[in-house]
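Single-structure report; data block below.
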Amino acid sequence: GTLPCGESCVWIPCISSVVGCSCKSKVCYKD
């Protein structure tokens, strides 16, 4: 995934994972 979700995941998981985003390099990306 290369589309940023506008969320970081340094301290907490991606809340945006509910819409298909996942944590990569401390930033949430959508696949």
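Even glycines carry a Cβ here, placed using N, Cα and C.
Between C5 and the candidates C14, C21, Swiss-Prot records a disulfide bond only with C21. On the backbone, the CA of C23 (disulfide bond) and the CA of C14 (disulfide bond) stand 6 Å apart. Long-range Cβ neighbours of C9 (disulfide bond) (same chain, at least 6 residues apart, Cβ-Cβ under 8 Å): C23, K26, V27, C28.
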